[in-house]
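Annotated domain 'EF-hand 1' per Swiss-Prot: 16-51, in sequence order. Annotation source Swiss-Prot lists Ca(2+) 1 binding site at S23, L26, H28, T31, E36, citing similarity to another entry. According to Swiss-Prot, the feature domain 'EF-hand 2' maps to 54-89, an assignment based on sequence analysis. Per Swiss-Prot, region 'Disordered' is recorded for 94-156. Residues or ranges marked as compositional bias 'Basic residues' in Swiss-Prot: 135-156.
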Amino acid sequence: MEDKMSQMESSIETIINIFHQYSVRLGHYDTLIQKEFKQLVQKELPNFLKKQKKNEAAINEIMEDLDTNVDKQLSFEEFIMLVARLTVASHEEMHNTAPPGQGHRHGPGYGKGGSGSCSGQGSPDQGSHDLGSHGHGHGHSHGGHGHSHGGHGHSH
């Protein structure tokens with residue numbers, strides 16, 4: 001019997017499943033082409049990418065930036081960089097919107113969730129929310145414990 005997944009594990013699985021909901025539609029089943037990426041951004045990230053959501057040129061620019069091997073499609077590894085950047089930007093936004101007070105507090109992020117305190121101390125970075133280039137070219141292999149493509153709610 002498997003242990004119940006933690007909230008973070010469930011969230012990671014949700015990201016993978018949503019990627020696959022869009023990646024299987026057109027082209028290669030495990031990559032996002034431009035049309036699939038645009039649909040994913042518009043439907044799944046409406047609050048995080050409000051400005052870019054309705055601007056096709058901005059969506060195309062984000063995709064080009066993420067497409068590190070310049071094959072006009074996004075692998076999961078390329079796509080997850082967007083998730084990481086949005087997570088960092090939302091965390092910074094939570095610090096910027098936190099009510100003044102002692103300790104390490106969080107206000108609403110771009111998704112309007114999160115409030116309260118967390119266990120860390122210190123002041124937040126006052127960096128920008130630019131989703132531009134950060135650390136391209138760092139590939140990895142699944143090494144036998146990545147996700148499989150059989151039996152997880154998508155067919156090939």
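Backbone N, Cα and C define each Cβ position, glycine as well.
Most Cβ neighbours within 10 Å among the binding-site residues S23, T31: this distinction goes to S23. Across the domain 'EF-hand 1' (16-51), DSSP helix (H, G, I), strand (E, B) and coil residues number 21 helix, 2 strand, 13 coil. The Cβ of H28 (Ca(2+) 1 binding site) lies under 8 Å from the Cβ of Q73, each of these being in the same chain and 6 or more residues away along the sequence.
Of the listed binding-site residues, namely L26, E36, the sparsest Cβ surroundings within 10 Å are found at L26. Here the domain 'EF-hand 2' (54-89) is broken down by DSSP into helix, strand and coil counts: 25 helix, 2 strand, 9 coil. Highlighted in sequence order, Y22, V24, R25, G27, Y29, D30, L32, I33, Q73 have their Cβ within 8 Å of the centre of the Cβ atoms of S23, L26, H28, T31, E36, the residues recorded for Ca(2+) 1, and are not part of that set.
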